[in-house]
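See below for the structure under consideration.
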Amino acid sequence: MITWLRWAWRLLTSMRTALILLFLVALGSVPGSVLPQRGLTPEDVTKFYEENPGLAPWLDRFSMFDVFGAPWFAAIYLLLFVSLAGCVLPRAAQHYRAMRGRPPAAPRNLSRLPHTASVPGGTLALAEAELRRRRFRVNTGDGWVAAEKGYLRETGNLVFHLALLALLFAVGSGALFGYRGNVLVVEGDGFANTVAAYDKFSPGRFVDTESLKPFSFRLGDFTATYSTEPQRRGQPLDFSGKLSVREGGGQKTHDLRVNEPLEAGGAQVYLLGNGYAPTFRVTDGKGQVAFDGAVPFLPAEKGGFTSEGVIKVPDAQPAQLGFVGLFLPTTVTVGDSATSAFPAALNPTVRLFGFKGDLGLRSGAPQSVYQLNSDKMQMIKLPETRLAVGQSLTLPDGLGTVTFTGVKEWISLQITYDPGRFPALVSAALAVLGLVPALTVRRRRIWVRQTADGIDVGGLTRSEGGGGIEEEFESIVSSLRRSGEQESRELVKE
Amino acid sequence: MKVDQGLVELSDQLILGSLPVYTLAMLAFAVELAFRRTAAKAAVPAGAAVSGGAGASEGASAPGGVAVADADPESAAAAPRRAVNWGAFGVAFTVLGWAAHLGSIITRGAAADRWPWGNMYEFVVAICFAAVTAYLAFLVRHPVRHLGVFVMVPTILGLGIALRYLYVQAGPVVPALKSYWIAIHVSAAIIASGMFILAGVIGILQLMRWRYDGRTGAGKPVGFTAITRTLDLDQLERIAHRAIVFAFPIWTFAVIAGALWADRAWGRYWGWDPKETWSFITWIAYAAYLHSRATAGWKGRRSTIIQLVACACLLFNLVGVNVFISGLHSYADL
Ligand code: HEM
């Protein structure tokens, strides 16, 4: 049993296993980039299901739509972690001992080495001095000098691999102790960091959802600017949202932009998207204001930012009302049809389609705020007019009036808290720093042996990369020759 | 911010101008290679397995990496009426084309007052530039002049494809790309890609050369692989390895800088976006190449094949991911 375990451990911690596991991580991530993933594009997964009803459930059984959260992916990841640890930690200890030890004695026969030279008249003492001057680590013995240089290679290598280990650890702990959520905020509205305030919230396994670090903010003005140049008309140039932030009793303002997230409560708040939220007032058949507020519309098209949305008025009397709206930020009419020519709200109009009846909200089943369930509703005949801001539409049969009161904008935010973020950065930086010497420094040994008429020098490198050691070897030998000649000249003079 | 139309036109003209110059360079290099070939034929007895034959003289021209021009002793000996130094012409044209190429990149950046890699067109142009730069840099210290034709062909193809299919007007970038990270992350990705592609080209030559050797050994017709007959396998291997050793840390850095940027822009440093995933796969494949060279029995053909697989991953990330898979990398819209 013990021998079996030892065998398994050795197998797991061999470099080849680590490499295979690394390969498997790469291979495993291929389907994650080719197939739609739930975490990234859930709509596409649904579409895939519709288009491939036979195949999709099978793929799903192997977590192919959630590859990076799949048990088998986690298994590879964990094995890799263990393998790397088991491989690198002993090597680090070994290297530490090697660093403190001394270079091994010179082999008996230097002429077998790849680089050799004889220096008549040279002495061991001179060779030792020369090698020390070149910052070799030197060991001497009876009739020989051994020198070694390039420990930085192994050091860098170990730093790199240990940093990878730390990186895996940081990424893993970030996923367990961090959270991520999305929320949509309309101009003038606010957000407070509690789970309930999120539209979508995905916590790590060990996140205490009761006690997210408190902070809150309110969105003031949001501005999007678009290019007006002819060739790239409508290309977004800049987004900027003015936030007033409250955190720990303090208050500050932040200009939220695409590459400038807000940092609050240890979390980051990012601007993901934006859109229009036209505001409406609905007065019902009894003359009461049944709805008054902004309705976020979803962009249906990029160039002109035509947006669609749904107004639900459950409080309207005598019948519940629902509207589907088509919003055009810059309305241009050509013949009968209207389109939006520019993404900014230069000439906003909205076209409404009305329904009356039961919105189906009482059933308790969750409903999307962007979709109208018209199963139990009846279409109301509305004139084909587009409302400009301030205009109203009187509904037939005494159902009330709808007024298009104005245009606000919304932004969608992603809020992330990831405690592994900073450790991951440090380890990644260390990995690069370690990689450079690991690839470019050569570990090389030089041995010198006393001969009858001088010294023999031999050189060996086992690692590759960087320049060859020929040049260095030549240079050592020629300076030994020079100092040897000098020495003999001085001897002659004396 | 207005785009300077004059500079845009200048940039376009410079890149259009660099193409014929590169083509001349390619032709000059090709002529040089052809001369070498006839020279080598004279030097090596017909039908002999030439795995080391022509290479030996090549290696002799570079003792210890001292800066030398690509001395060509055998062709000097075997072709007494050698009047034109075609290789030198090739280098001169390459440098000229390179200068125009550089000018085009700079003027395009200046025209829109931003880093000139904001879309696929600019990105491909920059990678071609990086590959030519890498070749010229190698030329300073290594006898690689005769490989010029193999660098020029993909460069011309790349530029041609960029101009024909990817061209977009110079202009401002979308907000996601307004960040100093573009200077860091994308520059590093470009430099590394240029070096990797150079290594990939050499890898292909190595494979052709092995095939050539195999076929001559078996007495079969060599066909197209004959163009590699004067190349030195050891030298090819060394250059490819060196290019990858140089590029790998830069690539690592590029991926990490990308993660830092993603952290700023998208709210997570790693999210398995297709581009991220494929850059990771590429990274692992090159790491596997580096490891394979340390593994007994893998050096040589097998490690070259791994290198080429890695290069294929790199190219798939540059092209395939943009075309077949959509992700967050906004410049990918063609
Ligand atoms: C395979 C390697 C990669 C290449 C060749 C690459 C290339 C690029 C290019 C060309 C851009 C756009 C800049 C421009 O259009 O000029 C870009 C943007 C960006 N990349 Fe990468 N990238 C790679 C990997 C990554 C990775 C691994 C990450 C993150 C983990 C990342 C994150 C980003 C971010 C955040 C942006 C800017 C946002 C945007 O384009 O909308 N990239 N990358």
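Glycine is treated like the rest: Cβ placed from N, Cα and C.
TrEMBL annotations:
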DOMAIN    B:117-329  domain 'Cytochrome c assembly protein'
TRANSMEM  B:14-35  transmembrane segment
TRANSMEM  B:83-100  transmembrane segment
TRANSMEM  B:120-140  transmembrane segment
TRANSMEM  B:147-167  transmembrane segment
TRANSMEM  B:179-205  transmembrane segment
TRANSMEM  B:243-262  transmembrane segment
TRANSMEM  B:277-296  transmembrane segment
TRANSMEM  B:308-332  transmembrane segment
For the transmembrane segment (B:83-100), sequence-distant contacts whose Cβ falls under 8 Å of one of its Cβ atoms, 6 or more beyond its ends: 14-15, 17-19, 21-22, 24-26, 28-29, 31-32, 35, 69-70, 72, 129, 132-133, 135-136, 139, 145-146, 148-149, 152
Any contact, the transmembrane segment (B:147-167) to the transmembrane segment (B:243-262), with at least 3 Cβ pairs under 8 A: no
Chain residues outside the transmembrane segment (B:243-262) and at least six past its termini with a C-beta under 8 angstroms from it: 134, 138, 179, 181-182, 184-186, 188-189, 191-196, 198-199, 202, 268-271, 273, 276, 279-280, 282-283, 286-287, 289-290, 307
Overall pLDDT for the domain 'Cytochrome c assembly protein' (B:117-329), taken as the rounded mean: 85
For the transmembrane segment (B:14-35), sequence-distant contacts whose Cβ falls under 8 Å of one of its Cβ atoms, 6 or more beyond its ends: 75, 79, 82, 86-87, 89-94, 96-98, 100-101, 103-104, 107, 125, 132, 145-146, 148-149, 152-153, 155-156, 159-160, 163, 227, 230
